[in-house]
Structures are given as structure tokens and as C-alpha cells.
Amino acid sequence: MIKKAIAKVVERIDLTEAEMIEVMDQIMSGEATPAQIASFITALRMKGETVEEITGAARVMRDRATPIRVGKGVLDIDRDDINIDQETILDVVGTGGDGTNTFNISTTVSFVVASCGVKVAKHGNRAVSSACGSADVLESLGVSLDVTPETVENAIARIGIGFLFAPALHGAMKHAIGPRKEIGIRTIFNILGPLTNPAGADCQVLGVYREDLVEPLAHVLHKLGCKRGFVVFGMDGMDEITLTRETRVAEVTREGVTVRTITPEEFGFASCPPGDLRGGDAAGNARIVRSILDGATGPRRDVVLLNAAYALVAAGKATDPAEGIRLAAEAIDSGRALAKLEELIALTNE
């Protein structure tokens, strides 16, 4: 199938979701050769990946990931009705590769949101283009990455947050590592990670590194069954909601996708220069994360509050971002967010 797929994509013919599933199965099973993998993902990038192609690839990666099982069906009470449903699991994650070298915003947000009572399955990896990815900063903070899937499940169940280290849970990706490194360009694999949470997170805030990915990835999340989510791109290039400029936000609900542009000012925050959000290496970013969770004020806290607000809306803990900002501020100022970090450090080092 992959030979036929390469021939089609070279002619700029889109693949169906079913065709993409077949190709990805060949790639992730080791059936496709390195040359075929490199040719395919390069041609696909030149053509431009469609919603159907990304969705098909994400389905295969999800199916082949080591599963993190969380929740066995709980009484879910929201403002409209009462029903028995799987426990809500949230992921706050970016594609990385935005080149802005900010501190680890989504990682900081994860502890704030978890301390508000949301189950967080934080999916992440080491640095892509910055000096410090989520795995790097967590390791520097004292969180052990060398844990079993059962430990991650236990962390989410017991304390409400666990870190899903992508290389440990996506073993089938090994077949694509060589071709990806050798061609050295961004491909579909750069956007698949945030779509393939092994815990099956059904609520999400997903940051992307290009504006033209916002709406397509929102439609992918919708097709993959996301209950509520936001795909965001800061117009300064950040794969987060930014304070320096406007942010494009695509909201995903059961009904579909809506897109709008937001500004920090509409939520009561002052805009700031990019340097105010910049980070450094793992040790430096760990100090920044801890200082924010310990109550430090300024633009870094503000950007965490705004991103946490949207995460709380996605998880159903806040009706709107304004309520989310208030809840996030309370979580930090009460000490609960910092305590959540300490709990994860302790649990992963037991």
C-alpha cells in the first residue's frame, strides 16, 4: 500500500482516512522500509496533510500506544444533566517546534488545573526546538520519568496528575525515528504527538506552531471524539495562548468547531514583550515553574492563568475563561498547585 500511497501523494492526490490507516500500519509495524517512510512523509508534507490523513494516522498511533487506563465509569454531574460517563481526562500539550523559547507554560498549567480537581494526563517529550521540553523541566524539578505505566495510572488515580513520557509509550514509533532525523524537516509526526495521548484524554488544550494548523487540528480532535477542547496559536508564534499579541482559538465541542481571535486585554491582562515569557535551560525553567506555583506575580503568572482558564473550561470545571482565571488564581494562592507538584515528585520516587 505504501508504494501506491507515495505515487498518489506525489501527484497531490489526497488519501482517504482508510488509506492512511493502512499506510501507518505498515510504517509502525516495521513493514515499510526507511526509504519508503522518508519518501512518503516528505511527499505528504509537500502536498499538505488533510484532516482525514491526520485523523487516520492518529488512530493508528493511538491503537499502537501502550495504554494508560484511568477511570472505570463514574457519576458525572455537570450544569445541564446527570449521567454515567467515563471520568474526564484532560491533556494540555503543544506541538513544540514554535521556536519562541518560552518557559514551560503548559506543564505549569497542568499542576494548576490538577489542583482544581481535574484529572490530568500530561503527555510530553524532551525538547524539540527549545532548550527545555516538558520532560526536561519535570526531571529537573525532581519528577522521575523512569516509571512503569502502572505508576502513571496510579499517579492520575491517586493525586490527579501523571506524566506520560511519549518515547516510553509509543514504542512503534521507533521505525520512523531514523527517516525523520535523516530528512530533518517537519512532517506529520510533528503534529501527531498531541493527538495521541495514551490515556485517551477526552478534553484538551492543544497548542500548534502554525496558524494554518488551528482549524484543521480542531476538526481532527472532533473526528477523534474530543468532548471539549481548544486548539490555540499565539500570533507571536507561540504554541500557547499568548500575552504579547492576539491568539487564534478554535473551540471543539460535540457539535463541531468554531474559531475566533482573543486578546489578553479582554481578560484583564496587560500585553507584554516576548522577553517577559522567555525561558532557558531545564534548571532555569524549573526555577520559573516553581516560583509561579509559589505565588510569584507578573506576566509569567498571567499567561499561566489564561491558559489554565481555557483548560478548566475544556474540562468542565469553569463555565467561561473569567471563572477559570479566578479558580486558577485561587489554586496557586492557596498553595494547592505547588502541593500538587510535590505530590507528583514524591509518588514517582517511591
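Along the chain as shown, residues are numbered 1 onward.
For all residues, glycine too, the Cβ spot is worked out from N, Cα and C.
Noted in Swiss-Prot for the protein shown:
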BINDING   G94, N125  anthranilate 1 binding site
BINDING   G94, 97-98, T102, 104-107, 122-130, S134  5-phospho-alpha-D-ribose 1-diphosphate binding site
BINDING   S106, E240  Mg(2+) 1 binding site
BINDING   R180  anthranilate 2 binding site
BINDING   D239, E240  Mg(2+) 2 binding site
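Feature map: Swiss-Prot annotations on the structure.
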residue	record	DSSP (3 states)
G94	anthranilate 1 binding site	strand
T102	5-phospho-alpha-D-ribose 1-diphosphate binding site	strand
H123	5-phospho-alpha-D-ribose 1-diphosphate binding site	strand
R180	anthranilate 2 binding site	helix
D239	Mg(2+) 2 binding site	coil
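Taking the C-alpha positions, the distance from H123 (5-phospho-alpha-D-ribose 1-diphosphate binding site) to G94 (anthranilate 1 binding site) comes to 9 Å. Of the recorded residues, T102 (5-phospho-alpha-D-ribose 1-diphosphate binding site) and E240 (Mg(2+) 1 binding site) place their C-alpha atoms 10 Å from one another.
D239 (Mg(2+) 2 binding site) has its Cα within 10 Å of the Cα of none of the binding-site residues N125, R126, R180. Cα proximity to G94 (anthranilate 1 binding site) (within 10 Å) is found for the following binding-site residues from S106, R126, R180, E240: S106, E240. Around S106 (5-phospho-alpha-D-ribose 1-diphosphate binding site), the same-chain residues at least 6 positions away in sequence with a Cβ under 8 Å from its Cβ are V92, V93, G94, K122, S134, V205, G207, E240, N307. Around R180 (anthranilate 2 binding site), the same-chain residues at least 6 positions away in sequence with a Cβ under 8 Å from its Cβ are I41, T187, F189.
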